[in-house]
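Summarising the annotation, TrEMBL assigns repeat 'ANK' to 13-45, 46-78, 79-111, 145-177, 178-210, 273-305, 405-437, 520-552, 553-585, 586-618, 619-651, 652-684 (among others).
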Amino acid sequence: MPEDNKSSFNMTNASQSLVCAVRQENEKVITLLLESGANVNVKDEDNKTILRLAVESGNEKIVKLLMEDGADVNAKDSDFNSILHFAAEKGDQKMAKLLLEGGAYVDDVSGDHKTALHYAVEKGDEKMVKLLLKGGADVDAENLEDKTALHMATENGNASMVKLLLEGGADVNMRCGVAEAILHQAVKSGNEEIVKILLEAGADVNAQDLSRDLYFETVIYFAVKTGDKKLIKLLLEAGAKYYETVLHFLDKKDQDIELLLECIAKYGTQDQENEKILQFGAKNGLEKLVKPLLEGGADVNAQDENHNSILSVAAEEGHAVIVEMILKYCPDINNQSNRKAIIAAIHGKGNETSKMVDSLLNYGFTVDPEDVNDDQLLYHAAGRGCERIVERLINYGADVNMLTNGYASLHTATEWNQEEVVELLINSGADVNCKDMHEKTAIFYAAEIACLKSAELLLTNSTDISGRDENGRSPLHFVAMREHDWYVRDCPNNDMDSARAEIAKLFLNKGACVNAQDVDGTTILHAACKEGYVKVVQALLEHDADAKMRDNSGKTPLHLSAQQGSEAINKMLLNSGANVNAEQEDGLTSLDIAIDEGHMDIVKLLLEFGADTESKIENKTPPLHLAARKGNCEIMETILKFGADVNSRDAYGRTPLHVASKMGFEKIIETLLQYGADINITSGYNYTALDYAKSGIKYRPDFNYEWDDEMELNRSTLLFKRAAFCQETLEALTHHLVKMKVANFFVSEQNLRFISEYDGIGRFMDDCTDERKRMKTEKIGNANISFDEILTKGANLLALCMGNEGIVDGLKTEDYKTKFPIYASMIESSVKRAMRRKDLNEQGKKDFNLLFPELHHDCTEEILSYLNDADIRRFIEACKPIVGKLSPPFFANC
């Protein structure tokens, strides 16, 4: 082996031997190996130097020996921990001292960026901490979590360590990065002793957590969250601010606010903070803020930066409870800001002004003669019912007829139902006929708010009952209307109608014009019907109000009543001669309006009084179409029962079935078909009900019913491009057509083409065929008539069958609905049509026999058989004015 290699091998062996010697603490071998040139900084398999191994074993002699031979005191292991880190963590002060004396870096950082001081604090080793600090350790060095030794000592709750570090120069306001201050940590942990130490060392008692930029997360906030009153007391006495924290708790509806306010009341020393809270509480009517502070001795005369006292602020904001509370704590009556409270209350907000003003007057506050110069004071005092203030201002020479913003004090007092003030003003010379900026006198406001006492008082003092405002309305108009929705009046049992009716009678008995019209042609009756005042309408009609009068848009009171929905008012109007078929300028009748509003009872009432079920105006939408469009099945069926043509057409040639198909209302479609709607009819653009179903708009909120058919169907095709937009409607109509075809009813070529193209219809057609075969063999009771005949016979022939009690009783069991589920609805429809026809035939016969008693019974039946249902209804309606008025002999002698 070459000499160089031998030498290298020997040195390696020597170094490895050195590691073994240090572990065995064999000082002689170590000395021998070092003298032979072994590497003093050799590392073992764990990357530890022999000096580290010697320190671990605690052998002071070997450590000194190695250091004297030049061992690296700052060498690190695989985790980047230095030998001093190890000594500090282990708590070996002797070794740490030796290392420091041998030149170890006292602030060297480990892999997780800790210094030896961090390790010593973590272990709670005060002696080691003192040694390191004496050795020049940086007391504010931060680890990877931005924590200093003081942070760690605080987290660990080690008060003596905290004190030691502070004595060593630790920064008491050092933050953990940009987040919490050390005081935050101490407070969160609830360690009162450390909090006290930190505060004594100058910790910022108002420090806030900057990590989230939340102004309320101050030290006091966290103290309150701990629930520790002693801790809160300590912070408050140290000068902690708390206004922003109070607002936060308030905003979050946090119940902890009660604890904070309790402590503030007892220990809060920040007068400025207390004043802010008092001002906020007074302004917002928060008793929970004001009461504890005043009880705790806060300054009741506290003022804000604008020199407003809490009393004047509370009064201006209309917080009567707060005003009462403040007065209990004896505010200075000579304080100029407090003296403004009574004026602030009168000009301020809220609806308890009179109560506040009385409290302030009883306490000793008052208005002064110079307050007369406030040109709005009398006006507001009158409107808010401050009778004592009004009286004093009048005594000081206030002008009772002065206009403020176009209104006199009498106007506002009447408007706000201040009866005592109204009387006081009138007795003090107020002009009852003084007009405001809208040409209204006080009597208009008495009428509008339904105040009988004020109205009587004004009339007693010769107010003009025939006057008109700028819109041509009389006081009687205002009895029946409300110009402003925000008027509120306390009536017995909330019976505003009765109160208004009494005033209406009062005005009418004083000569008010019952049919007066305003500039829009609106009468008092129009207004009362619109508002739904039943008793007012009754009073007007009893005084000969004209139920037929129209306003400028052609509306009668009945139109407005149909919209409002009062059955009682509609009935009164109709009994008073209202034209049930009168049309507005836009062509709508009362029936149209009632249908649109969905007022079923009104629809029925109007029909009973003869409302037309068919439109007599070209291009006008018939009532039945309106009901179909609204999807109101009950209303539609009612109109049909009163004789509406189920196949009537609108301006586009559409039937109600077309409309219902387009809207996608399956129930409406079913009802129309039961009443005999013709599914084969095409509209003006040659569209069937199926075509409308294919372009259905059931799920289209932007649909405009009045659009031209051609435009609408084309638009659907372009935008949606689907065979059926409303599959349910399409399927219902298709199945009905198949049932018709199988039953040998007429089906148009247009509909037949569609059926042939409809997927999966073959099986349904087979089911229909099978069911019809069974219907042909199934007889009804003991009668010789099958269910198939019930289905296929004409309405007139079937009506004759309905005279057979056995057939009627057999149908009433409705067993057929279970036996023949496919055709059940069509059978039911046939039966209903037959029963309606039977009733029409019977009434028609009675009228025929009364008019033509010599006409043979068979002859009468033959005549009726040539008439359809609508013809017979028209005949019956034509007979009504005559039948019953003249006796049968009159006709016999004609």
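The backbone N, Cα and C atoms fix where each Cβ goes, glycine too.
Note: TrEMBL annotation is automatic and uncurated.
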Secondary structure composition of the repeat 'ANK' (405-437) [DSSP: H/G/I, E/B, coil]: 16 helix, 1 strand, 16 coil
Rounded mean pLDDT for the residues that make up the repeat 'ANK' (178-210): 88
Intrachain neighbours beyond the repeat 'ANK' (619-651), with Cβ under 8 angstroms and 6 or more residues off its ends: 587, 589, 591-592, 595-596, 598, 600, 603-604, 607, 611-613, 657, 659-660, 663, 665, 667-668, 671-672, 675-678, 681, 683, 705, 869-870, 873
Tertiary contacts of the repeat 'ANK' (652-684), as residues 6+ beyond its ends and Cβ separation under 8 Å: 622, 624-625, 627-629, 631, 633, 636-637, 640, 646, 690, 692-693, 695-699, 705, 708-709, 726, 728-729, 732-733, 736-737, 740, 746-748, 750-751, 795, 825, 828-829, 832-833
For the repeat 'ANK' (405-437), distant same-chain residues with Cβ under 8 A (at least six beyond the ends): 376, 378-387, 390-391, 394, 443, 445-446, 448-449, 451, 453-454, 457-458, 461-464, 467, 489
